[in-house]
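Residues annotated as heme c binding site in TrEMBL: A:Cys304, A:His308, A:Met352. As annotated by TrEMBL, domain 'Cytochrome c' applies to A:80-179, A:284-372.
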Amino acid sequence: MFNSPDAFTRSLCVLFVTAALTACGEGRDENAEAATITPPVASPWQSNYLEIGRTASPAELAAWDIDVRPDFTGLPPGSGNAEQGEEIWLARCAACHGDFGDSNQFFSPLVLGNVTPQDIESGHVAALKDPTRVRTTLMKVATVSTLWDYINRAMPWNDPKSLSTDEVYSLVAYLLSLGYIVDSDFELSNENIANVQARMPNRNGMTQEHGLWKVDDVSDVHNTACMTNCEASVEVASSIPQFARNAHGNLRDQMRIFGPFPGEDTGAERGAETAIASVAKEPPAPEAGLASSAPMELLTGNSCLGCHQIDSKLVGPAFTAVAEKYAGQDDAVVYLSRKIRQGGSGVWGGFMPPMAQLSEANAEEIARWLAQ
Amino acid sequence: MSEKSGREIVPQAYTPSPTVTERPGALGQLRKAPESFLDKSTIAAVSKSGIDENRRQLLRTSFTTALAGMLGASLSARALASQGDPDILTLPPWSKSLGNAVATNPYGQPSKYEANIIRRQSPGLTQTDQASVSFSPLQGMFGMITASGLHFERHHQGWVDIDPRRHRLMINGLVSKPMVFTMEELMRLPSVSRIHFIECGANTGMEWGNTAVPTVQYTHGMLSCSEFTGVPLSLLLEHAGYDKAKAKYVLAEGADGSSMTRTIDIERALDDVIVAYGMNGEMLRPENGYPLRLVVPGVQGVSSVKWLRRLEVGDMPYATKDEAIHYVDLMPDGQHRQYTSIQEAKSVITSPSGGQRLLTKGYYNVSGLAWSGRGTVERVDVSFDGGRNWYTAKLEGPVLPKALTRFNIGWTWDGKPAILQSRVVDSTGYVQPLKRQLKEVRGTRSVYHNNAIQSWQVTESGEVENVQLT
């Protein structure tokens, strides 16, 4: 081995030799060297890092400090009325939330007829006690600042933070008018929003008095650590019904393929009904047609898939439907790439936000894909 | 149960794994000479005097004989089955071929045989994939750490992959110096690494009323545990000079489309909260907040804000969108509980668990996870008869505060129906409640904070099913 060392062995030898030389100190004065070493920070918590990080500028703070508290700290001045709000709503919000905030197609409904004048009086929505009633946003929310914050922070769903301050006021006003909390021509502003808070139907329906907030709070539910003869009788009250056994796909395929506890085959051996369900759950066939050539990076990176799916309608039409509609149209690429960048409304019954962040080349690539 | 009780357990005949395939190109290509087909004396003679015509003939014969022996062995594999396990008697291809080079997968991947152990969505749980959940496959996991690629996901407006060079953290509000940090700056600061669980407040939320989902992946899979590395939040708050007299709450805010926000009380913020960039030795995964997230140990996952961009110090709770409309627990009297944060002590048996099958009677190691948002797991008891009698399980170390703890207990199944349960006691003395105890106080519409004892029923056929007891 030492006659003809390979490269790895040679490297090791070099390391050993270097280490040996270092250990010997090569005859240097060790005391002199120690004196030149900068000692490490004695404690990691010592504030030797004061220069790390910098002061935020007022403009930077204004750009990011968007929260609005229940006492309305953070609320920017502005106003908007419910009538304007309805127009914006129909263009920007209705596709997901329904014309009257009553749709549950994508999210829980915002408004349904479960808020009564009595609730506005009492400040606690009575329908919340009724297990048969659907819980809507307007039934739950205790603070009007939350509605303002929500819309300003995260709406529209696929285009968050694109609304102007006045548009947010208008939309909050419209939403409140749908719950009969304000009139349909109400003008909401930073000046009068506190008055609206006094009419929020569930303003008294929220409590922070419970044992799950602070670490040393006392829990309201606990058990005793009984060890023997703890239950008089043991009875099964509920289990997965037979028809739903395969609702989550074949469980056999969700377990490790070896080991002491293999998966139960819920796809087979259960008669025709479940067998069909199993077939339906099989992985889709290899992509064909439009899907196979989809520019996925562009579609994903620009949130297109938040509203459109390839083969089925989501918020917007399926891409296959778009492709079909414009098949054979000579200027399809030009038309579609313009539509993508500028947005539009009316063609499919909803609103398409402008995708101005897309370069012309990227918009054209998507359009070319759709028009193929 | 009764309709299945007549079914017999058929012992599985052992067959070679269907996954063992012949090495591609094994036939019709050049074959390497079988090793050791020359005896020592021949090797010595060839080394000494070279190969003459006689020796050449000898070599040819020896090679042919050795090759025939090798082929014969594989041809008669089935005939040999009676003599033992064919997977032992016949060498598998991986023992007889050259393996892959180092760094073939520079970041590494699980074995292709582990393809079933992945995050999954529960069909129909949410209407859009961006405001959705994927569950960790607890039934296939070991120990206390969740592999980063299996950490559950919960996004409110889709996940983003943020350019870390453009990411900033701002601290403002009741501070003497509002500050901005780059990732470089944060990573220069003193760091801590700690192991903590993150559990979504809605974990097990589908099971408040009745049994709803079949496996532990869906009942408990919004739960993961990782080693997180980052800067203590207390250090950053001190650094920015937070107002010690007035500061009562901190608002954490994300940089994603939803700008997820959460109010955290100041005592907790100063306790063990981490502004984390590292997870299990690597940077956070994008689905878990790359490049920066908050980790608030012991409280519901939504507080551990992902893609963290801002921390605001204030003197009252913020009641932002996700803490006033979502993540509120509906009580039977119609009141909503707000800022329900703590994930109280909870445990679950992960193997065996729903959707699995016991193949034969006899010994099994029963294993599961226990955790408490208020502290450390003190003890775990396991019942095999639906809670009549309990036996204390063995805890695997390390047992850490606000971290998952693995427990194990041996069990010999006699082939009769059984109901398996686990019950944790934490360091505060709190004992995990029965489902009926929880329902008595909180009703069935809370959605969040269901930490009741889980029941798995083993039928006579060996099938394990998710059930709820009266």
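The backbone N, Cα and C atoms fix where each Cβ goes, glycine too.
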Field: Local Cβ density at A:Cys304 (heme c binding site) - other Cβ atoms counted within 10 Å
entry: 21
DSSP helix/strand/coil residue counts for the domain 'Cytochrome c' (A:80-179): 55 helix, 2 strand, 43 coil
- prompt: Looking only at Cβ atoms, how many others are within 10 Å of the one on A:Met352 (heme c binding site)?
  reply: 21
Task: Can you tell me how spread out the heme c site is, meaning the largest CA to CA distance among A:Cys304, A:His308, A:Met352, in Å?
output: 10
- request: Return one of helix, strand or coil for A:Met352 (heme c binding site), based on DSSP.
  value: strand
- line: In the domain 'Cytochrome c' (A:284-372), averaged pLDDT is 76
